[in-house]
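So the structure is just underneath, and the comments pick up after that.
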Amino acid sequence: MNLKFYNLIFFISFLICCIHGQRYLPVEGGKCEKYIGDGDSGKRICNGYLANPDSVYVHNKTQQETLKDLRSLINLLELNNPSKECINPSNYKIMCAMMFPECIEINGTNIVKPITLPIYTCNSFCKEALVTCSVPNTIASCDGGTNLPIQLPYTPIEWVKYNLTIYGGVDDYRVNCTDPTLISDSGSSSEIEVGCVEPLIKRPTNDTKGDLEKGYFYVNSQCVINCPVTGMHPKSVWNQIFKINDVLSSISLACTLILLFTFGILNPKLNRFDKKNLFFIAGVFGMSVSGVLIAANGSEKTVCPTPERYAVNTDRVCVASGFLVHFSALFAILWWTIGLADVYYGIKFVGKKIKIKVRYYLLATLTISLAFTLVPLGTGQYQAGLSNVMCFLKDEIYQSMTFFVPLGICLTMGTILMILVMREIYVIVKSNSTSSSFSSSSSKSKSKSKSSDSISYLKLQVKPMLNIILFYFTFLYLFLFVRVINSRYQEYEDSAIPYMLCLAKGGGDSCRLKGPSAGSLGYFAYCLRIYGIYLFIISFLSSRTIKIWKESIILNNAFVTPIIKFIDSSFSNRFSSSKNTSTTQNSTLNNTESDTSKRGNSSAVSINLESRNYNTDDDDL
């Protein structure tokens, strides 16, 4: 019974010791030093907030290293909660007392050598500071934790004890913890100014939600993220991406203008194919114009009107470019789908056309494109955002419903039609091979003629198919890029805490937020602006285009015609043969002319077929 009673007494005593924070600590062998001051950072830290600046305890770090850690801790508090409830003299005293504890020196007749000990800050005040600054215990804790991003000094609950017998002292020397809030301010009770660590920009506000609508992205009530986000990519990388966007937009604009002028104005007779192609080119032209609008206004200035603000629906150039690229992209993808359907129908039924007037296609494409763009325009959706190189739809729901759903439908239809086209090509080629191998002489001629027409028509569809495939893969990338970015949004958002910790520790420009890679952003700009150049290479560099220009008034007038004849004559004289050519050379020349004549006849047949394809399917708009 007595044994149980003593055990109970021992347990209660142990519990009381734990509650009051009794703990034996080893003598670390530190030293007392005078506080060196806050340094030349221009920001006040501990001057006036220490109980005894003439004697602070220094152990395993220099004061400069400790001061750096303290700055990181204060930066963290300011980033997390820059309000007066957190950033105030009381919390500064607590932080300074924790990092630079007062030092006491123990001497005595029995003490072998002087002993230096710290006066720790009480645990309750440490916790109070973290609570008022809303610091989560996953970042820093007053109860210790070796795996936390911010390591805080030890804070006892009430007191600590030391065993000083090896120094000639007592075995239970007690040192009470201190209450830093009782430290005299020494005339330093003025309000503390909150700063922002680079590259964040200071812009105090009482309405972060309202200012977000104006284009300011706050990390707290005092600091905004800079624009463009140098925490995601260095400024030089952003400039390169902007330059890609500007250059490709300008070249694409010039290319599509030439195509519109060639097939819309110089072309003596517009056929059904030309009309559809012109509307498709017009869509690509609009996409190029949106890029040139941004370039003319300054890409960075358009996306970032000021270094601390992103463009929103009150910035006219941003809204105009966003609306135009949205409308034009939808308009182009719709005509792309129509063109692909025509190619499939023409290959399936060799040279036949879908009997729908172009005017009805135009009415449908305009209606759909306007319906999906006027709604976002009316709700103020066109604006720039974090990690963007252009102005587009802000909310994911609008992105999905007014752009990516119709784009996805068109791409799905395009995928199906392309598979069907490939199947028809396979059938034609296989049929041609089979008929040439197994047909009788009488039927073989008819079959061969039919297969020849199919193959010839198929050859005429090479460029339209190349056009369709290039457009398919560029828009497929745009579709997948934004889908992937949206799916990784939480991952990017989670990187904000490590980024803030890095900034708090003074990482500056070396700190990185997760986001789309520079390569993916650059390729996004490339895909969005390159298509006008693709169109020019495919459509302009053809025999038909050369014929249109040769027969146009631009090259057939009193001023230009003599110049062309002179150039032709100069080249003819330069490369003409010598009069004293040998018989062998003459023979070779005759053979060459004969071959040229044959090729000319072959070309004539090809031109006839091409002419039949383009000019026999006239259709009133």
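Just so you know, the numbers here start at 1 and follow the chain as drawn.
Each residue, glycine too, has its Cβ placed from N, Cα and C.
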>> Among N60, N432, N601, which is the one flagged in Swiss-Prot as N-linked glycosylation site?
In response: N60
> Taking the topology from Swiss-Prot, would E85 and T561 be on the same side of the membrane?
Replying inline: no
> According to Swiss-Prot, which residue out of N176, N590 bears the annotation N-linked glycosylation site?
Replying inline: N176
>> Labelled N-linked glycosylation site in Swiss-Prot - which residue from N107, N586 would that be?
In response: N107
> So what's the mean pLDDT when you look at the topological domain 'Extracellular' (381-400)?
Replying inline: 89
> Among all the protein chains here, how many other CB atoms are within 10 A of the CB of C46 (disulfide bond)?
Replying inline: 23
> With pairs closer than 6 in sequence left out, are the transmembrane segment (521-541) and the transmembrane segment (465-485) joined by 3 or more CB pairs under 8 Å?
Replying inline: yes
> About how far apart, in whole Å, are the alpha carbons (Cα) of C103 (disulfide bond) and N60 (N-linked glycosylation site)?
Replying inline: 14
> When you measure from the Cβ of N60 (N-linked glycosylation site), which residues in the chain that are at least 6 apart have a Cβ under 8 Å away?
Replying inline: E28, G30
> Between the stretches 278-298, 319-339, 360-380, which wins on the count of C-beta pairs under 8 angstroms to the transmembrane segment (521-541)?
Replying inline: 278-298
